[in-house]
Amino acid sequence: MVMTTAAASSPRTYQVRTYGCQMNVHDSERIAGLLEQAGYLRAGDADDVPDVVVFNTCAVRENADNRLYGNLGQLRPSKDRHPGMQIAVGGCLAQKDRSEIVRRAPWVDVVFGTHNIGSLPVLLERARHNAAAEVEILESLDVFPSTLPTRRESTYAGWVSISVGCNNTCTFCIVPALRGKERDRRPGDVLSEVRALVDEGVLEVTLLGQNVNSYGIEFGDRYAFGKLLRACGDIDGLERVRFTSPHPKDFTDDVIAAMAETPNVCHSLHMPLQSGSDDVLRAMRRSYRSERYLGIIEKVRAAMPDAAITTDIIVGFPGETEADFERTLDVVRSARFSSAFTFQYSKRPGTPAATMADQLPKPVVQERYERLVACVEEITWAENRRLVGETVEVLVAVGEGRKDERTGRLSGRARDGRLVHFDAGSLAGQIRPGDVVHTTVTYAAPHHLNADGEPLAHRRTPAGDAAEAGRRPRTAGVSLGLPTVGAPPSPVPPAASSACAC
């Protein structure tokens, strides 16, 4: 019997629900691109029940399991009322739990992992044809994700993966076990995708990897990441380049120089600290110490005095003492972060930290967490207040300001990554997402800036034109390029339709 595709009958609708890090956000763009290439249509907000719901899951946080199974339970009545509806579960939790998902939620139709996203359309068809769940988990990549089509969510900003997987062995992290060892894309491949996005009107690109500073080791060039940043500087129309996440143990001076000397590379750095205690860092197997971390920040600020530095911090790691925690506060005060993502330690089965002695009581972790948040907010507020009266360039965004409709403001990101809510003034109705505005900061809060005066300048952009027309950038798959920074891209055909930070 010949299997039919979704496009062979009336178009089926889909919805992707994403949990977790930027890797998952970008993977979800590829999932959407695959489904649309196979003939599915994205479900609108007003649609009753999508024909296919895909959960792209995270396995890093402790409540990831509860969140997934709670949402699956909420969908069961809809599935019972609509027998043709399909539910698929992918991502890191699917890679970890595998057939356990179907055992706990037998109404799930497809389970796929982090290494075989491209198989999703075929698995959906097979499950529908056989009226049985399809569970397919691979231990390594079947195709590099860059070969898959992508439906981008933003007209003005895009993610570009430079690598997948991770070679580090942090004791709290399950990501390497779920996404595998690091595999690097060739620079020519990365630059081809960046150029394709810019050709679609995208102004800002974020280079994405579990550890961007180890990029190039696979093909024998430990300075490849700095070269890649400089090569991005040669792409006409690319106004902003960001990257996430670097690892302090691999951070080199050539990257700092590339950031400082390449005009379109933003002076913003997100570099996870995790802990300020050397003893805790050793237990985490982080391979650097607080002195090195602060030394990198000192070099970054010497080269770029306006740099905004953000971080990740874990509180309550097994064995963390009060003295260890105080050392973390000391490093936070010295580093003066412009923002910090703070987390209470979450025990993940399968990680070395999960079986360590001296797991801390929840009340102790909560109390330290609250003190850390208070310390961070005091510093970020002070750092933001220094910008009152300064002119900032804002790339206008969608969905950044939760109160924009009530306040009448628009929102976007400054070049250093800070969130800015601004008054459009006499330009109300003319400024679109993707446009660029220059405005003056009038107020600072711990997590954002306000600019309530008349904008000083407004520049219409191709990204704004695309947003106004309701277009979304769609990029075909990009095949592996040559291991030479700046190598001219070769034409590539579209991919066949059958096809978290350290």
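Each residue's number is its place along the chain shown, starting with 1.
Even glycines carry a Cβ here, placed using N, Cα and C.
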Margin query: If I go by Swiss-Prot, the feature region 'Disordered' sits on one of 295-346, 347-398, 451-502. Which?
Written below: 451-502
Notebook entry, point to check: Which is it, of C58, C92: the one of these binding-site residues whose Cβ has the most other Cβ atoms within 10 Å?
Noted result: C92
Next item on the list: Specify the secondary structure state of C92 ([4Fe-4S] cluster 1 binding site) as given by DSSP, simplified to three classes.
Entry: helix
Next item on the list: Drop a 10 Å sphere on every Cβ of the binding-site residues C21, C166, C170 and tell me which sphere holds the fewest other Cβ atoms.
Entry: C21
Next item on the list: Calculate the distance in Å between the alpha carbons (Cα) of C92 ([4Fe-4S] cluster 1 binding site) and C173 ([4Fe-4S] cluster 2 binding site), and round it to a whole number.
Entry: 12
Notebook entry, point to check: Which whole-number value in Å describes the distance between the Cα atoms of C166 ([4Fe-4S] cluster 2 binding site) and C21 ([4Fe-4S] cluster 1 binding site)?
Noted result: 14
Notebook entry, point to check: What is the interatomic distance between the Cα atoms of C21 ([4Fe-4S] cluster 1 binding site) and C170 ([4Fe-4S] cluster 2 binding site), given in whole Å?
Noted result: 17
Checklist line | Residue counts (helix, strand, coil, in that order) that DSSP gives for the domain 'MTTase N-terminal' (12-129) | finding: 58 helix, 23 strand, 37 coil
Notebook entry, point to check: Where DSSP helix means H, G or I and strand means E or B, what are the helix, strand and coil counts for the domain 'TRAM' (385-455)?
Noted result: 8 helix, 25 strand, 38 coil
